[in-house]
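Novice: Here it is, the structure in full.
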Amino acid sequence: MAAPRPCADGPCCSHPSAAPGVQQTLDEMDFERGIWSAALNGDLGRVKYLIQKAVDPSQPDSAGYTALHYASRNGHYAVCQFLLESGAKCDAQTHGGATALHRASYCGHTDIARLLLSHGSNPRLVDADGMTSLHKAAEKGHVDICSLLLQHSPALKAVRDRKSRLACDLLPGNSDLRDLLAS
């Protein structure tokens, strides 16, 4: 078999001789073309277009993340709202057990956490490390989200992760939050 030749205008990414960093995996190409990239970037128009073309709003990518995970993590409220209204599963879990509520809580997006809870998201779900959304919010010192989660489920204070830590054990030093979680 002959060795691949470069294209007339230089190396092609489909050739083994392509420059490193130019090659993309099929997973990366699927991600960029799929609903996940649109949600990650807050591209509501593209998300709507893909949903209208019968893309499942809860379809996971190769890592188990859904469009709702990406939109929640990046604070794209309108995209989250549209996905939920289009039937996205609010409690879909990644391979590591994270939900969209975990992502919103960790990243400090109170409005999205509130939206997810209003659509029935379960704040008691744990990820592979045994952490709830409260653990994630406490770890980053997000007072408003901790308060919101405790309003929905006061029992979260007593949940220990796989290392036997309570949410209050993960605090970065915020005494107001420590009082809220310890009481």
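Even glycines carry a Cβ here, placed using N, Cα and C.
According to Swiss-Prot:
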type	residues	note
REPEAT	30-59	repeat 'ANK 1'
REPEAT	63-92	repeat 'ANK 2'
REPEAT	96-125	repeat 'ANK 3'
REPEAT	129-158	repeat 'ANK 4'
MOD_RES	S153	phosphoserine
Novice: Which residues, sitting 6 or more apart from the residue listed as 'phosphoserine' on the same chain, put a CB under 8 Å from its CB?
Specialist: P123, R124
Novice: For the repeat 'ANK 3' (96-125), give the DSSP counts of helix residues, strand residues and coil residues.
Specialist: 17 helix, 0 strand, 13 coil
Novice: Mean pLDDT across the repeat 'ANK 4' (129-158), rounded to an integer, is what?
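Specialist: So the average pLDDT across the repeat 'ANK 4' (129-158) works out to 97.
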Novice: Six or more residues beyond either end and a Cβ under 8 Å away: which residues meet both conditions relative to the repeat 'ANK 3' (96-125)?
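Specialist: That would be 64, 66, 68-69, 71-75, 77, 80-81, 84, 90, 131-134, 136-137, 139-140, 142, 144-145, 148-149, 152-153, 155-156, 159.
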Novice: Looking only at residues six or more beyond either end of the repeat 'ANK 4' (129-158), which have a C-beta under 8 A from one in the stretch?
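Specialist: Distant contacts of the repeat 'ANK 4' (129-158): 96-97, 99, 101-102, 104-110, 113-114, 117, 123, 165-168, 170-174, 176-177, 180-182.
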Novice: Of the residues in the repeat 'ANK 2' (63-92), how many are helix, strand and coil by DSSP?
Specialist: 16 helix, 0 strand, 14 coil
